[in-house]
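The annotation compositional bias 'Basic and acidic residues' is assigned in TrEMBL to 8-17. If you look up TrEMBL, you'll see 1-32 marked as region 'Disordered'. Sequence annotations record features per position, and here TrEMBL assigns repeat 'Solcar' to 34-120, 132-217, 227-315.
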Amino acid sequence: MGNGVRKGQVDFKRQDAEPATPTHLPPEGNQENKKVLNSLMSGALAGAVAKTAVAPLDRTKIMFQVSSKRFSAKEAYRLIYRTYLNEGFWSLWRGNSATMVRVIPYAAIQFCAHEEYKQLLGSYYGFQGKALTPFPRFIAGSLAGTTAAMLTYPLDMVRARMAVTPKEMYSNIVHVFIRISREEGLKTLYRGFTPTILGVIPYAGLSFFTYETLKKLHADHSGKSQPSPPERLLFGACAGLIGQSASYPLDVVRRRMQTAGVMGHTYSSILLTMQEIIREEGLIRGLYKGLSMNWVKGPIAVGISFTTFDLTQILLRKLQHSTNVER
């Protein structure tokens, strides 16, 4: 079937076993659909696991980013402890439901888009089946992050609002959307969008670039085709450290713009927001506030995310292969 003449007995048996009507998609289309679905599922799980693991640190970082209080490890610990005493243990994960609503589609789209952009760029530059060179590797990551951010931005806005407000103000995700739309206008859901996109280009680009580069260097020098899970965690941690450090000031700016409506500020543009932060708090203490916490939180989250994605991909491929063998 499909590849010319075979030995009579084998061909005869195959013809007997072949159903009259095909029940499967063409192999190429079926394989591509499975690949996309695997990437979406693996990316969704990777984002959910990583963000849940660091949610208390993430919420604490946002609370410092949107206030004029000076950041220190001691003050961060005090804030976490006060939140625990006043609002309970699970309040440390306040806003995580909104994070999950955002991060699951965001991570699914980002990882899936990255796989597709790698394939497209590989075809364009003639690297089919091989690792991309550095520049296309960076572009693939940047495009993947930009695609995901554009499609899920309002959910990030809602998550930031829930992280910095008491639970009496917003009871759930839908309530946040309703109140913002009614009191501040639908346009507010995209406040901070420009710094987000400007920040995600170096962040996603450098994160994916670093992780893919470290995996390639590992394969070249160790002779092993795949790194071990601890090595993946380490490579992901390095990727997170570099990516988040490069884009951090824009992360602070977008958080200020996202939460301006509930924090008593009016930030109209990226430059004016930066100027006000620098004037009131200083360049380093303002635009890099909470970066030291991000150096703890970011590498953990990105390391878990990349590792979870890769291992889930491998597991799904093995399951599909075993299913095909049984058939």
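Including glycine, each Cβ sits where the backbone N, Cα and C put it.
Under DSSP, residues within the repeat 'Solcar' (227-315) fall into helix, strand and coil as 76 helix, 0 strand, 13 coil. Secondary structure by DSSP for the repeat 'Solcar' (34-120): 76 helix, 0 strand, 11 coil. Taken as a whole, the repeat 'Solcar' (34-120) shows an average pLDDT of 86 in this prediction.
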